[in-house]
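Taken from TrEMBL, the feature compositional bias 'Low complexity' applies to 897-910, 920-932, 987-996. TrEMBL lists 9-310 with the feature domain 'WDHD1 first WD40'. Annotation source TrEMBL lists domain 'WDHD1/CFT4 helical bundle' at 736-838. Residues or ranges marked as region 'Disordered' by TrEMBL: 836-959, 984-1019. Per TrEMBL, repeat 'WD' is recorded for 146-187, 241-282.
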Amino acid sequence: MGHSVTDARFAHAEGYTTVAFGRSGDFVCTGGSDSLVRVFYASKAERDQEAITLEQHSDNVLSLFASRTKLVSGDEEGMVYSFDLGAPASPGAGQLSAEPSGTVLRSTLPARDVSISGNERQVAIATDDEKITVVSLLDMALLHTLAGHRGSVNSVSYSPDSAYLASVGCNGTVRVWDMREDDPSCVSVTHKMAYVCEPGSSMEQSKSRWSPDGRHIAVPCGDHAIKLVERGSWEVAAELGGKHTKMITHVSWSANSKYIASVGLDSQAVVWDVGARKAIQSHTAANALCQVDWNPRGNILAFTDCLGALYIWDDVVPIEQGHAPPYERAAVAATAAAAAAAGASGVAQTAGAAGGGLVGDLFDDSAAVDGGAGNGMDVDDDDGDSVEDAGDALDDFVVDDDGAGYSERQAPHQWMATGGPQSHAFQPGSTPWIGNRRYLAFNMVGSVVSIAQDAAHNSIEVEFYDKSLYRDIHFSDSFKFAMAALSDTGCLFATTTKELANDHSLRGAGDASDVSVVSYRGFASWSTNADWMYKLPPKEHPRCIAASSHGAAVVTSQGMLRLLTGGGVQRHVESLPNRVVTCAARGDLLLLVLEALGTVKSTSGSRLIEYEYILMTMDGQARVASGACPLSPSGEIVWAGFSEEGHPATCDSKGMLRVLHRYWAGRDACWVPALDTRRLSRERGKREAFWPVALSAKQFIVVTCRDRARYPPFPRPILDELDVDIPLLNTDTHAGQQEAKYLTTRLFCEQEHGEVARTGGEHSGDTAAQARDDLEQDKLLLRLVQLACKADKAQRAIDLALMIKLDQSFDAAIKIAIHQKQTALAERLMRIRDSRAAASGGDGDGDGGDIDDHGNSENELHSVVAPDVRHRRRRPPAVTYGQKPSGGDGSDDHAANDTGGDSDASSGDGRPPLPPPQHARVGGMAGAAAEGGEARELVARPAQPPATSRPFNPFGVAAPNTSMEIRRSDSFFSAADLHSNTLSRESSAAASPAAAGKRQPAEHDAGAHGRKHAKVAGRDRVQAKMSAFAFKSNTSAADALEGAAGDDSA
């Protein structure tokens, strides 16, 4: 069947005329110089019916945009109006309706172009004042004013997913704006790409449009050609030219993005095959043409000329010649089925109900459509849209999700599952084409770059970071590899289709009918031929590939996981759900990331993507871990890999890095957020993005992309290192920063030891390395304990101390508490230390006093004076700071007291030893008189558990039985020495013969005067012990204080 163009239908007066099809394809709208907007039926049977005329404008209508339920028009006076549109469920079922819904904008300059966002919430307006105005369609409130053009703006176009906005200025500059942020920013600027024109005449201006699949922007250029700008790289991917001889005024994409229609001042309407990059149809009119638009549901074009005439071009694409139709077959079939079902059910819809106006929704009883219309939705908003949206993940549109008067009749935000793969698989470290180059792989080993040469072949460059181990590789690529996975032992290449390679740049990838190839190039120098190649069966193409020192993995479109060795031996094949998004390998581990079963989609068009992961061995014989793979809201996984130590990690589109923790424990595995790069960018106050490369130890290796660019440039840029920083609360405080450092250190230490336990290898240094890691963590905890003591937060200090692993570090925490004059805290920590020591000395199950979370003991350890005073065995001597251990056999009286030192011994640095406190000698003499000369210490202690009982272990950890080595370099020990020396001089003065003569009668008589001195000395003894920091690992604070109380009683 040949194409046919209808006769001119003069819809408006002579002048610039606009045209736009409705989203459903049932109607076509026009606007002209007579200040009128007209709505016509689009079907052949109803084209001759009278059009709806809208007379709100008072000047020439220069811009027009029609969505599913909205029509927005702008005029030369600067007025922009909004209309609610309604269409019948099927031909003949009812009349069209168009009702004004409000004034969008009042400007003083002409509104040259308008564009409604994909979710129908916003409209962008281009005027002659060098700025772009973004207005909300919900409440007509001004949202944004985008400034950046150096001249009037003549074209704006939203991407289908509403993420980007493309604009063109009269000076030929093309800008792309990121509309996902609260403050939209310009991510790409290209000068002198489009036509350079003078503002003031719409006929001498061109319009650019975004493709329905969201992958390209069609920009008419000064050489009368159309350049296709690729999304993401913002580079020209292809060029269509050779037909137009004058300025191209307007372009329009077909619904499936396979064709472009263009019109120009040369009176030509041309249809281009984007894949073949050539014109397949053309029509020459009698006058210069203004605008053109595709019917989203049919093989129909509509275009207008400068005399106000409307033309309808039927059967535009010659399908009978083997060309693909310009629409999605599933969408059209679903539309027809829905219309037939609606007609069979006898559901009558009025114009207001069909249009979905607010009044119709609220008062029209016929607005409720039964199940035959598809999930209770309006027939116009049929299942075909769901099918189309399932095949095109970017084509999302809002339908009355907030009750603001759209045609949707379902409950707001009702969710439904849509089947089939929702997004393309991707290769970690790969990019789209940037000019004629593309990264196929990028990691810490090196980079693999594909360079487009001609239609027959590309070239591959493999550049390594370590030039001492590898030599760079350069070879001609006749297969046009679309994937690569680089490891330290070899590089795996694969060819695949454009869709699976996520490559719609019209170069590099093959078609679905081509046979895919998997090729491996080994780096081993001892092997004469380490390369191998396999051809996959027909219709089986790689989705993603991975390589490591233990072999290669290929995930195919047929749901196959093929595992091979480095030498090319096929050692395992299994079937997987055909939902694998990406994969990565390192060592003997393979990480697979899959979309969850059925992407959930709301009636507003938003998607809730969820992911799953499988962690398995490279030989396919064991599943290490599996489960849900979390991501940030409204985000997608953009990178997956392993750290240099072998820990799985992912990064989503919101900049959140996550590490899989305890994966060696199977079900206990969990994803820990390790770094929020967007928060880091905000803290830096810069407009930058981070492209993930690798994770090494405690650093995230990235490429910093300036001005919000998404991919690294060429040549290969310098890598940046971001310190891993777990996103905790209050990280603006010193304590919060220290907590983040501690959690990060503990995370990677546990990861390292867990990987050793999984592989059965030995840790470097074995127990010494474990102790070193524990000490590193304890140092951070001690800093936190010190901050808690300074802030007088005793309970926080106890919680931190309970996390300490080494006994020496716990003793240091006690010293910190005393140095900060937290005596009660120090006492409680000493009780906890004694419980830990008892647990480590026994069998760990003793019941010698339960301690609750706040350090309280059921044995009343907080009591320092017992009701009865009992004689205890002599405790082993403890070394006080400034003294050496006594060399006697323990018969000396001084060995019984807490100083435990030899009175004649001197310290190693020449300092005089601390003499025993006075009350110790007094108590010793009194004890000798009471016991017949044998010196014993009177100590009051709480009741001890039976010897057969097992000590209670409330902490679940065993601490070493070693004492803390006191370092003289600590600043507060010097202060303690000074105070101890002062006490020593006072004690020496008290021990003079004169003082002894005065004290002798009291000692022998054991009278009241002696008891008074003993009490005073008891207080001095406690003060001396606390000041000199004489702590022993096998005695508790209760023993020391009860000993002092016993002397007081004596």
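Using N, Cα and C of the backbone, Cβ positions are placed for all residues, glycine too.
Remember, predicted model here, so these are calculated numbers, not experimental data.
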### Query
How does the repeat 'WD' (146-187) divide up by DSSP, counting helix, then strand, then coil residues?
0 helix, 22 strand, 20 coil
### Query
In the domain 'WDHD1/CFT4 helical bundle' (736-838), how many residues does DSSP assign to helix, to strand and to coil?
86 helix, 0 strand, 17 coil
### Query
By DSSP, how many residues in the repeat 'WD' (241-282) are helix, how many strand, and how many coil?
0 helix, 23 strand, 19 coil
### Summary
Whole-number mean pLDDT, the domain 'WDHD1/CFT4 helical bundle' (736-838), equals 84
